[in-house]
Structures are given as structure tokens and as C-alpha cells.
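> Swiss-Prot feature annotations, pasted as is:
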| type | residues | note |
| --- | --- | --- |
| BINDING | 92, 127 | (1,4-alpha-D-glucosyl)n binding site |
| ACT_SITE | 342 | active site, nucleophile |
| ACT_SITE | 397 | active site, proton donor |
| SITE | 466 | site 'Transition state stabilizer' |
């Protein structure tokens, strides 16, 4: 039965209400969303021929070269009363290539080829020049432009470039099989170099991909790819939505990066920013046709007070075409395997999450504060992507806890595959910042790690790029602080602070990995406890690149202790590949002992034991388990190669006893030293 047929039934109850009966009082609001979604799908089918044609807007709009070398340029600019294409090819003469406007506000010009060669040369500058109803002449970068560059000797504003290389990129590798357990390596191309400068696509391909593969991750999430004028915005102030950042290299060099990753078996996800747009006028979408409301809501509704940016009007036909086509473009042109949607909370609520604390009450998700246009756009985006690309992965960044965010659209959900577990890193930072180790509450830790919605998959992480930014601290820095500058060498004594830091860094990440979700994420460098924070060049730091880089040299130096954390992270990822606990059912926690600071649980045919006690080790400690038989150590955080003390004899096997313990049918007895975690495999 199709969603349309189901919704038409008077007594139809959305599937989400069967999954979570507490949602039944809100069924009318859920059905209203589905009605709105159904209406959009029907109109797209009737007027555009369905998702497939509608989402190929980049083949109709912007500059497109025909097989005979002719160029057709189309632009939606309903407020303009005149328009022309200008550029180096016609000496910026507004009279040479005037455009014609149709009844939908779309401007068009046909530029014949010369002897089969496009009139506009490859890699030359262009603009659209328009006249407003008030008679003002305005020049803009084409909204669908695929490449923009910056010449700081001339202007801070970016230039639109007609990009039509004579040799197209030849793809070598097919996309890999969709991973059943998702282990994401979050990365930023520009900071991925030791040196104090902007890194390149080619450097990332040649130097970083092999690190990611060796560590055992199976997916990469690339940040700051969509073109953004301000480097320090971390890519979140997008100016050209169809352009990829030229500061890292050419489009073909990004294609090579993705192609090479695919050859290594790595999925590549794009951090897509559809939650807002840069307010730049000269090189952005703001005031594109001279009006305040071309792509955005008008007035205050179209502005994000905290981000100082513009907000899309998701309910407009051409805006919807633009955004859905943007997603399709990156799938087709660059062969990305999916998206991490940024700022989903802002898209789903009129208040954008500003000054709002979510209590978890369901009225917060279905009342007047919800922006139905934004929610329905996300439903359409996920529906389109999953219908056209069944192997795609979509991830949402939402702090509100919206029910159904990761349930199918036809069930009344919003259609994402995963949501980020944003409460987990907040918990770890709060513990390290505010509590002594003796005061850590094992029950609260386990509750936060397992507090996720039924049948909605979650990506767990102990820290991401958010915690690395200036003004915050990474886990390693919270744990070891200034001693990272003086005592991370194996040639110096192992101080109590460094010893504690290494131990807890491993345990925090392992517990998060094992208990926190159905996927895992790490921000580049954090796997080895990257020193210092992340700060992009800006006026406030004298435009310094010192903190806008990754110090790979410290993990490559055998004399430094960073290598221990790196080796542990590698072992952890490869163990997950072997046992697949992320794709296993949620763990059964048999032990949360506050006084002893012990946690034990079963997941993925593995028995996990954590001793967070600062000083107390336990001999012959009874650990309950459902499985009878022999156990052996699969992972031990206390190994010397991980910076531990080798206090455990790993040649020993553990045999279960058939007596109930901690609610399990059997138990084993283990030696578990302080600040050590063990993962035991069941033979």
C-alpha cells in the first residue's frame, strides 16, 4: 500500500504511533505532515515527471554545454526586469548576450558555438547582470555555478568561473558496498596538513586516506566542501551551493579523492548545509534578484539571529527544486555516498533552537513552534534520495530529539538513516570538567549512552569537531591539559596525570563505541589525542594557521605517547569490523556498580567489563553472563602497546560457572585492574 493510499483512509494510524504509542495523541499533526508531503509528491509527479526529472535542475539551470558546443544559460530571478550574461568572453558588455524571461521568472540565453567550440572559454570569469524594478543594475554570481575562485589581490569577493575542462575525469572505482556497521572518520581537507596553510584535495588523497583505511574506519565525512567565502566559518556559511571549495583544488581533484576512497572500500559522506546560507550579496544568494525573498523568507523570518545568515523558504517550488537538485548533483557529479545534514534543529522549528531547552515532552515536537515547511522538505529530501539511491546513508544533526527523525517517511517519520547522539559528548565533557573521578555515576553514564529511541539508529561519539574548536577542549586536553606539552614523550617519566589521561581516553571512547549507538564517529586527530584546539585564521588570532592544522608528526614520532592512543583506536575499529557490535541489538547491561565504579554488558557476542575506579583493582571479580562456555581476551586497554601496564595475563582463558549472577544465568571471575577495560570473546 502506498503512502497516498494509506493517508486517504479516514482511520489510518501512522506507523510511528504503533512503534511509540505515546505519540497517538499527536497523530493528527503527524497525518498533517504526511498530507503535506503527499501533496508535494503529487504535484512533482504531475508537473515535473517525478523526483528523477525534478531533481535534475542542474541540467536545466545554470550554464550547460550541448553536444554541439552551444551553451544554454538559465536562471530563476523573478524580481528582475532585465538580465544579461556577461564575462571575459564578451568583455563584460551587458548588451551582447541579453536574456529572455518566461512566465515563471526564469531567464534564458542561448550562446551558439564557434566551429563546434563553446564561445565561453574554459576557466574564465562570468556573471549575470540584472536590472531591478527600481532601475538598479546589479551583478551576481550565477546561483547554479559549479566553480568560484577568489583573487585576494583584487577583491575579497569570489568570482564565478565557467568550468568546462576538455578532459573529463575518468572514474576508476565503483562505490563500495553499504557498510552494515558505520564507523565514520570526520575530516576537513583544509586542516589535514602539518603545515600552517590550507591543505589540498590531492594531499588528503595521498596522505590521509591511507591513515583512515589503516585505522579501520569504513566511511569518511567531509566537512566544508560546499563553497564558502569565509574559511573560518568551518564551511557553514555557504555562498555557492553547487561549487566545491576551490581553496583545496579543482573539482576533478575532489573526484579523485572520492574515487580513491571508493577503491579503498570507504564510503564518502558530504556535510551538507541546507539549514541556512551566507548573507553575502556579491558572491552569495542573498538579494539575488534584488529582492529580499528570492530564495529565502522575507524579513525577520528569513534571518537567523545567532548565525547571522539567511533562511530558505522551503515551501517555494523553485527553492525546493534548487535544494533537491543540489543533493542529486553531489550524488551524480561527485559520487558521494550520502549526507550528514547540518543544523536540522534550525530547519524544523520556527525558533531554530535559539534559547530553547527541549524537555522531551512530545508537545514540543508537534505544536505551533514546529516549522512544517522545513520538516516536509527533509521528508522529501530523504524520500527522494532513498528512492533514487537505495544504498545511500543520511545522517541528521538534531539536538531536539524529534521523534521519528530516523523512521521511514511512509510511517510518519522524517526518513533519516541515523541521528547523531549529541548528548554523549556533552556528558563526557561535563564529567571531566565538573566532577572528580570518584563521583562519576555509572548509572547515569550508562543511561545517557543508551537513551535512544526504539528502532531509530544513532551514531555515537565521544567528541567531534565541535569539541575541538577554540573555546572548548578535546577529551585529551581536558584529561592532560598542559602536561601534553611536557610529558608526552616516552623519554620523560609517566606522570599520574598522563597515566590517567591515557587510560580514560581509551575507556571513554571504548564505552561510547560499545554502548552508545549503531554507528560511531571520530573527528580527525582525536583518535591519537591531538594536542591543542582548532582555530581557523581570523582577525582575532592575526590570521594565524598555527591551530588550523593536524599535527600528524606527533603520532608518527615513535618517541611520543600519542602512538599508544592511535594503536588503541585502530584495534577498536578492527575489532568492531570482526564482531559487528554496532549492527547488533542494544546491549544488555548486567552491572552498574557505583561504589566499585564497574560496568559490564553483553553486545555482539562479546562481554565488556569496565573498571573506572581510580585506585581499586579487583581480583576474581564475578561478572554475570548469559552465555556458558570459555572466554578469552579480545581487547585489553592495559596492553603495553596502548600505553598501559600489562597487568593482565592474556594467555588465561575464563570459564563460566552455571550459577546466576547479576540477573544472568552464568558468571565468570576476572582480574580487572583500576582504569582498565576488557572485551572478552565467547568461544
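Each residue, glycine too, has its Cβ placed from N, Cα and C.
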> Just to verify a number: CA distance, residue 127 ((1,4-alpha-D-glucosyl)n binding site) to the residue listed as 'active site, proton donor', in angstrom, no decimals.
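The Cα atom of residue 127 ((1,4-alpha-D-glucosyl)n binding site) is 35 Å away from the Cα atom of the residue listed as 'active site, proton donor'.
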> Once the chains shown are all counted, how many other Cβ atoms turn up within 10 Å of the Cβ of residue 466 (site 'Transition state stabilizer')?
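A count of 16.
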> Could you state the CA-to-CA distance between residue 92 ((1,4-alpha-D-glucosyl)n binding site) and residue 466 (site 'Transition state stabilizer') to the nearest Å?
43
> Measuring Cα to Cα, how far is the residue listed as 'active site, proton donor' from residue 342 (active site, nucleophile) in Å?
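Here the two Cα atoms lie 6 Å apart.
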> Which state, by DSSP, holds residue 92 ((1,4-alpha-D-glucosyl)n binding site): helix, strand or coil?
coil
> Quick check: in three-state DSSP terms, what is residue 127 ((1,4-alpha-D-glucosyl)n binding site)?
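Residue 127 ((1,4-alpha-D-glucosyl)n binding site) sits in a strand per DSSP.
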> Among the active-site residues 342, 397, which residue has its Cβ surrounded by the fewest other Cβ atoms within 10 Å?
397
> Cα-Cα, whole number of Å: residue 342 (active site, nucleophile) versus residue 466 (site 'Transition state stabilizer')?
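Cα-Cα, rounded: 12 Å.
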> Check residue 466 (site 'Transition state stabilizer') against DSSP and tell me helix, strand or coil, would you?
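The three-state answer is helix.
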